[in-house]
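Pulled from Swiss-Prot, these are the features on record:
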type: BINDING; residues: Gly243, Gly244, Asp268; note: S-adenosyl-L-methionine binding site
type: ACT_SITE; residues: His308; note: active site, proton acceptor
Amino acid sequence: MASTTNGVNGHKASQPQSLIQTLNNIGADSFSNDGERIQAVLAAYALVSRLETPWEFVARTCMGQPALGAALKVAKDLKLYDKWHELGDGEMTCEQLSELVSCDSALLFRILRHLAANHVLEETSIGVFKPTKLSISFTVPVFGEWINHLYDATTPCFFKMPEFLAQNGYKNPVDPNNGVFQAAKGWKGDMFDYYKSHPVEGASFDHVMGGVMANQAGWLEIFPHNKLLETADAQSPLVVDVGGNIGHDIERFRQEHPETASRLYLEDLPEVVKRSKCPDDVNKVGYDFFTPQPIKGARAYYMHGVLHDWSEEPARKILEMQKEAMKPGYSTLLIHDHIAPESLAHPHTTAYDLTMMVMVAGVERREAHWRALLKSAGYKLVRIWRSPLAVQGVIEAELDQ
């Protein structure tokens, strides 16, 4: 007698098709808030891992993903995303697109087909393609420059990582002047010096960092920033953004509290702060955070993504350089960074950790790691602020009296 249950785990054959249809109908607008959407993304990652066979995993990881990166880069170099966008992002045939970007149509079809197979483009019919929200986003530098950065930096570094680690006895990289980045790029000096000497790649890197800042939950969504105003001396500096790049975070604060602009300070190396987008009434200070902090007695000293660039010894020195400027019992240190869980870390956190390792010999720290680092530099951890919308958190610390 034939079985009537020939589906998934013995369920009726019609049920898997219904399940697949349900999955195909799920989109970002299926969720009431971004926290639920993020949880669904993680669940989808886990679902793929449960469904894939070993062969499907290696085919995707070892062929599909490298090929996707290359296809994205070729399309970027051809200015495909930008030129298509200028024409209104409508459906176009492969032949029309090949004329648009001056590329052999047979070659371009192979590129377009892989982009469509990975949902970067939509193939509406045979040989006809349409942009998606994702591909249109590549016309904006904070997304599009990630493709250049992939080939300028991350791919060369990860390609070199196994060889470098083997040659160095599999020791944890801690020297920002002698790591994977230097081996990959043939460079003497740290990554930041490299970008100063290579301004085109440096400008691309700035856009990448802008994308990091702009597309994660900001510190104002994580930390109760109003309490800084409620407890601040109106005549003293309010917030000092230490190593704040061109001012993405301090500008968010200024927009929320415009009356405080003259008491806000953006600090980074002189050549960086001169590119700041902040209004003139925000103070811009050229500052090397390995030297004593020049702005004294601020209510808060804020660091976003600074300390993960550095291993223990330099990170400790950066923290120590802020201490003399801080007013005991008043000044707060705010560290906005990844706080890796002891287990089951978010894949973005683990990816950041390995990226920091190969680029700058940095590290994404666990909570116990942060506590030990702060204590060694003369601070005590007051509280860790988190949000379900963010893989990063804000560590609130003060001087340990």
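Each residue, glycine too, has its Cβ placed from N, Cα and C.
Recorded features from Swiss-Prot, shown on the structure.
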residue: Gly243; record: S-adenosyl-L-methionine binding site; DSSP (3 states): coil
residue: Asp268; record: S-adenosyl-L-methionine binding site; DSSP (3 states): strand
residue: His308; record: active site, proton acceptor; DSSP (3 states): helix
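For the pair Gly243 (S-adenosyl-L-methionine binding site) and His308 (active site, proton acceptor), the Cα-Cα distance reads 12 Å. Separation of the C-alpha atoms of Gly244 (S-adenosyl-L-methionine binding site) and His308 (active site, proton acceptor): 14 Å, rounded to the nearest whole number. The local packing around Asp268 (S-adenosyl-L-methionine binding site), expressed as other Cβ atoms within 10 Å of its Cβ over all shown chains, amounts to 24. For the pair His308 (active site, proton acceptor) and Asp268 (S-adenosyl-L-methionine binding site), the Cα-Cα distance reads 16 Å. In this structure, of the binding-site residues Gly243, Gly244, the smallest number of CB atoms within 10 A of the CB marks Gly243. Largest Cα to Cα distance within the recorded S-adenosyl-L-methionine binders Gly243, Gly244, Asp268: about 6 Å as a whole number. In the shown protein chains, 21 other C-beta atoms lie within 10 A of the C-beta of His308 (active site, proton acceptor).
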